[in-house]
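Participant: Quick one: the structure is below, and I'll ask about it shortly.
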Amino acid sequence: MNTTTEQDFGADPTKVRDTDHYTEEYVDGFVDKWDDLIDWDSRAKSEGDFFIQELKKRGATRILDAATGTGFHSVRLLEAGFDVVSADGSAEMLAKAFENGRKRGHILRTVQVDWRWLNRDIHGRYDAIICLGNSFTHLFNEKDRRKTLAEFYSALNPEGVLILDQRNYDGILDHGYDSSHSYYYCGEGVSVYPEHVDDGLARFKYEFNDGSTYFLNMFPLRKDYTRRLMHEVGFQKIDTYGDFKATYRDADPDFFIHVAEKEYREED
């Protein structure tokens, strides 16, 4: 695990557009601040039971949390009665998630994975995979995105579902950044905004009330592009929600949530 609190993006941070760099971005100092950014109580109130209901109405019981972070969704799903395996590419995040789970009376089953080789490190099949917190946008090239979606598809049962979210990068690219931060980033005294945006990079700055500052470099995925990749990998039916609502104007949501079903559907 990293033992540093300092991020390193080199001389020109906007040139860091590498899928493998994200593990270096989640240094101990940033991970320690993450729960200030993701206020658990506020986030639970903002989300309501959206994910729990989406899973329950499909009869899902065995869930892979593919982007565990500090454990918010893993713990919520465990408390709702689901069988959860908690995965992440960051050892620092998994350690924090395990600690958070233990504080709430749960022992998380954690596994460090690289999504591109997911099925090498996890075992069995799942009724659902969740990939939340804008995590999919850490993948900077299409080959990695296709491989990851294929790995997710393979890890699902025949009637399984993938729930994947992303920032509304369409709105940021086309209209600039304007967010009330009413979803996902709910912590008080935390400022989150893009320092640099172009078609190949969204560099977000995270400012905390103690004066500390961190950054994440991510790829600005457009909504319809993500949906197309899902279809091409094999997902049959994809519903996209804007800030947990089925009806929305494309420019309005902070986040999109894609609910992609694997179940094969014959054409009429």
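Note: Cβ is positioned from N, Cα and C throughout, glycine not excepted.
Since the structure is predicted, the reported quantities are computational estimates derived from the model, not experimental observations.
OK, Swiss-Prot features for this one:
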| type | residues | note |
| --- | --- | --- |
| BINDING | Y26, W34, R43, A67, D88, D114, W115, L132 | S-adenosyl-L-methionine binding site |
| BINDING | N134, R167, Y206 | substrate binding site |
Participant: For the binding-site residues listed here (W115, Y206), tell me which residue's CB has the most neighbouring CB atoms inside 10 Å.
Facilitator: W115
Participant: From the Cα of N134 (substrate binding site) across to the Cα of Y26 (S-adenosyl-L-methionine binding site), what is the distance in angstrom?
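Facilitator: So the Cα of N134 (substrate binding site) lies 14 Å away from that of Y26 (S-adenosyl-L-methionine binding site).
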Participant: Nearest of the binding-site residues to W34 (S-adenosyl-L-methionine binding site) by CA-CA distance, picking from N134, R167, Y206?
Facilitator: Y206
Participant: Hey, what's the Cβ neighbour count for L132 (S-adenosyl-L-methionine binding site) at 10 Å?
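Facilitator: For L132 (S-adenosyl-L-methionine binding site), the count of other Cβ atoms within 10 Å is 22.
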Participant: Out of N134, R167, Y206, point to the one nearest A67 (S-adenosyl-L-methionine binding site) in space (Cα versus Cα); all of them are binding-site residues in the record.
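Facilitator: Looking at Cα distances from A67 (S-adenosyl-L-methionine binding site), the smallest one goes to N134.
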Participant: Across all chains shown, how many C-beta atoms besides its own are within 10 angstroms of the C-beta of D88 (S-adenosyl-L-methionine binding site)?
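Facilitator: For D88 (S-adenosyl-L-methionine binding site), the 10 Å Cβ neighbour count is 27.
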Participant: Where R43 (S-adenosyl-L-methionine binding site) and R167 (substrate binding site) are concerned, what is their Cα separation in Å, rounded?
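Facilitator: R43 (S-adenosyl-L-methionine binding site) and R167 (substrate binding site) have their Cα atoms 16 Å apart.
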